[in-house]
């Protein structure tokens with residue numbers, strides 16, 4: 001177990017909503033800010049501390065318009081009933097937004113600019129489309145190809161560069177669903193999912209506490225029958241080996257080690273290191289490799305020291321390419337043990353804190369000590385966080 005210093009950044013708790021389908025899904029009548037506020041209230045209820053001590057609520061969100069606009073972070077805090085003296089901000093690093101929220105809060109704690117932070121992220125992709133209101137500068141084409149904005153084509157590029165076959169991708173996708181459904185049936189998500197009121201297909205109110213995107217019947221034959229969607233003539237990436245459009249939120253409670261101790265709260269993990277890195281936009285999915293390498297170096301670790309990994313699965317071709325790049329291709333038995341975004345979906349701003357929360361729970365379930373959460377980011381970035389149980 002890790003020995004803590006007073007200003008070490010500890011994770012006290014982490015929760016998430018179930019993941020809903022973006023098209024006519026269970027959260028179709030639930031707003032992004034309301035969904036997030038439910039998690040903040042649950043996080044507070046699960047942990048005894050004075051909410052007046054919260055320095056800031058930091059929320060990741062990508063498409064900050066419509067119901068996700070006007071600093072959704074501040075709105076979430078007010079909706080959740082936090083004192084008006086608690087500040088709120090919204091951060092955007094595209095797919096890595098809520099992991100960036102972790103990093104932002106951690107940096108403030110480490111430099112003595114606050115002791116308690118609530119962080120999280122949300123994306124309601126059913127209400128706010130991925131490209132809603134986007135107006136990219138035509139001059140940007142000098143620096144990256146327009147096709148680099150099409151995430152599926154970047155996955156095709158990575159797959160070809162790293163020799164990832166269609167069969168490998170299909171197998172990876174089916175396994176993601178199998179693991180996620182097994183985790184659901186065995187109750188491995190119960191400690192992280194907070195049930196939120198939504199609606200079933202008939203419009204009746206239900207408590208949504210099971211991920212809606214998982215396909216229990218996923219099988220190799222069905223996956224093999226699908227045609228490539230991004231490069232119809234020579235491609236290998238299909239809808240089944242891409243992360244689903246989904247709606248969801250996540251939240252975490254971070255503190256300084258000394259404040260958690262003073263409050264009698266037992267930390268679940270300490271943040272060992274953090275990193276971000278850039279790469280070519282055409283292979284944006286490779287970003288976790290340089291980001292992880294930086295984070296490992298800062299922690300004085302090697303990839304061999306990592307016992308549990310949560311890697312965002314934007315696409316099977318992307319995930320497998322990253323595993324090859326990190327030397328984890330033959331260690332998939334320690335990666336995404338409860339399934340990944342191919343099965344659970346990838347609500348952009350939600351995903352960073354979601355995979356970190358899932359990582360924490362898997363580490364406890366597997367009784368491992370050191371874990372890595374990492375993800376790719378559109379336009380060529382990666383982000384990584386190394387945590388250790390305490």
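A Cβ is built for glycine as well, from the same backbone N, Cα and C atoms used for every other residue.
Swiss-Prot annotations:
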- 95: active site, acyl-thioester intermediate (ACT_SITE)
- 346: active site, proton acceptor (ACT_SITE)
- 376: active site, proton acceptor (ACT_SITE)
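Note: the Cα of residue 346 (active site, proton acceptor) and the Cα of residue 95 (active site, acyl-thioester intermediate) are spaced 8 Å from each other. Residue 376 (active site, proton acceptor) sits 7 Å from the residue listed as 'active site, acyl-thioester intermediate', taking the CA atoms of both as reference points.
Taken residue by residue with DSSP, residue 95 (active site, acyl-thioester intermediate) is part of a strand.
Classification of residue 346 (active site, proton acceptor) by DSSP places it in coil, neither helical nor stranded.
Same-chain residues at least 6 positions away in sequence with a Cβ under 8 Å from that of the residue listed as 'active site, acyl-thioester intermediate' are, in sequence order, 62, 312, 314, 346, 348, 351, 352, 375, 376, 377, 378. Of all Cβ atoms in the protein chains displayed, 33 besides its own lie within 10 Å of the Cβ of residue 376 (active site, proton acceptor).
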